[in-house]
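Per Swiss-Prot, the feature N6,N6,N6-trimethyllysine maps to Lys4; the stated evidence is sequence analysis. As annotated by Swiss-Prot, substrate binding site applies to Asn113, Thr163, Lys167, Arg285, His317, Ser369, with the evidence given as sequence analysis. The annotation active site, proton acceptor is assigned in Swiss-Prot to Lys165, His284. As annotated by Swiss-Prot, N6-carboxylysine applies to Lys191. Positions annotated as Mg(2+) binding site by Swiss-Prot: Lys191, Asp193, Glu194. The site 'Transition state stabilizer' annotation in Swiss-Prot covers Lys324 and is backed by sequence analysis.
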Amino acid sequence: VGFKAGVKEYKLTYYTPEYETKDTDILAAFRVTPQPGVPPEEAGAAVAAESSTGTWTTVWTDGLTSLDRYKGRCYNIEPVPGETDQYICYVAYPLDLFEEGSVTNMFTSIVGNVFGFKALRALRLEDLRIPPAYIKTFQGPPHGIQVERDKLNKYGRPLLGCTIKPKLGLSAKNYGRAVYECLRGGLDFTKDDENVNSQPFMRWRDRFLFCAEAIYKSQAETGEIKGHYLNATAGTCEEMIKRAVFARELGVPIVMHDYLTGGFTANTSLAHYCRDNGLLLHIHRAMHAVIDRQKNHGIHFRVLAKALRMSGGDHIHSGTVVGKLEGERDITLGFVDLLRDDFIEEDRSRGIYFTQDWVSLPGVLPVASGGIHVWHMPALTEIFGDDSVLQFGGGTLGHPWGNAPGAVANRVALEACVQARNEGRDLAAEGNAIIREASKWSPELAAACEVWKEIKFEFKAVDTLD
């Protein structure tokens, strides 16, 4: 029969350096740290086996199927520069291993079991190449960047947002009041914090009602379309959809979901509902650092970002870049492009291991939020460009005169930066001067500049921003 019981080395079956990848394969780049004494070929083959058809011993039922057709293959291994005992192992998976339109199944297969594997000291999924044949089975973002701009009638600049603080403890009425002040002052959006769901001090239905009132009042006063990210995340999918239905009945433009804590199945369900009912979907990445913070173990955020674009979301938080190290800036911009663009070339300097073709799947707006204020505006405008959402929580609500003047300061700073850029001025070199000039005409901006002036404006021109 040719069946021989016993344990055999993975590399005999799953390490195939001669393999030529197919256009339909899902390709993965793993950072593998083998246990002492385990050769990299065996470690890479073990990853390929455990995340596809393999098990720890030979089983007679292998003879009932065609392993060559279904097995994952480790087809290339390269050492990580500057690290000892770390390797990038490239694995190709046949498309038939995955259920169509299911990010959940894709992750269960590729990262579900293999991370606890004894032969590995650590394992990190650095990147995935999703083939067009698989992408075409996903709806993707409910609307995408262009449709969102058309819905909001806002063009030629980044959108402005603000997370309402304190995030927990306000009553629904006071929460709605804070929303109204920010929107009236000139912001496009305000936001529920990721952990605002339906707590005893503020039940979700009350919050939705008062926020809708704030939206309609501020729209009437400013003549602009406004929105508030109403967090629909809940303990069950049914409850989540119930909240989204109520938001739609109120006529508001956008809802929100925590896609990692809520899960990909719930997220994809909500994204389908949002497309069918004309709601935009804002995605928060709460819990991402548990998965992506360690350099040698876990999943890099660029993979989670790709998964979100497949599962569906119109905005996603993607870090701020400002004040960070140069290398992190390039890597952040790498996955920002993966979210927005239709076609992204392989570029290892930006952490992009594979060329990715999104075949017309709508793009996702990256959201910069966390510790930013008016002095960062030139840097953010230059780095992120027009297709982004800039969110100032404390940078709006921390204004000495209140929320509405804080919103005015941010809007004036943004309009000044966009105008300066359109006139051909160098935001990197002249950023501070541009903000100072604008503050002469805006007492609100002048007050904001004074409050945050001791925080340095750390931004040098970067050549790799094209």
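Heads up, the Cβ atoms here are built off N, Cα and C, so glycines get one too.
Each residue in Thr163, Ile164, Lys167, Asp192, Asn195, Val196, Tyr229, Asn231, Met256, His284 lies on the same chain as Lys191, Asp193, Glu194 and has a C-beta within 8 Å of the C-beta centroid of that Mg(2+) site, without being one of the site residues. When the CA atoms are compared, the recorded positions lying within 10 A of Arg285 (substrate binding site) are Glu194, out of the candidates Lys165, Asp193, Glu194. Among the recorded positions Lys165, Asp193, Glu194, His284, the ones whose Cα sits within 10 Å of the Cα of His317 (substrate binding site) are His284. Cβ neighbours of His284 (active site, proton acceptor) (same chain, under 8 Å, six or more residues apart in sequence): Glu194, Asn231, Met256, His257, Asp258, Tyr259, Ile316, His317. Spread of the substrate binding residues is 37 Å (greatest Cα-Cα distance among Asn113, Thr163, Lys167, Arg285, His317, Ser369). Of the candidate recorded positions, Lys165, Lys191, Asp193, the one lying closest to Asn113 (substrate binding site) when CA atoms are compared is Asp193. Each of the recorded positions Lys165, Lys191, Arg285, His317 was scored by the number of other CB atoms within 10 A of its CB, and the lowest score belongs to Lys165. A coil conformation is recorded for Lys167 (substrate binding site) in the three-state DSSP classification, outside any helix or strand. Counting in whole angstrom, Thr163 (substrate binding site) lies 5 from the residue listed as 'N6-carboxylysine' by their C-alpha atoms. In the three-state DSSP scheme, Asp193 (Mg(2+) binding site) falls into the coil class. In this structure the C-alpha atoms belonging to the residue listed as 'N6-carboxylysine' and Ser369 (substrate binding site) are separated by 11 Å. Looking only at the binding-site residues Asn113, Thr163, the densest Cβ neighbourhood within 10 Å occurs at Thr163. A distance of 6 Å separates the Cα atom of Asp193 (Mg(2+) binding site) from that of Lys167 (substrate binding site). Taking the Cβ of Lys167 (substrate binding site) as reference, residues of its chain lying under 8 Å away and at least six apart in sequence are, in sequence order, Asp193, Asn195, Val196.
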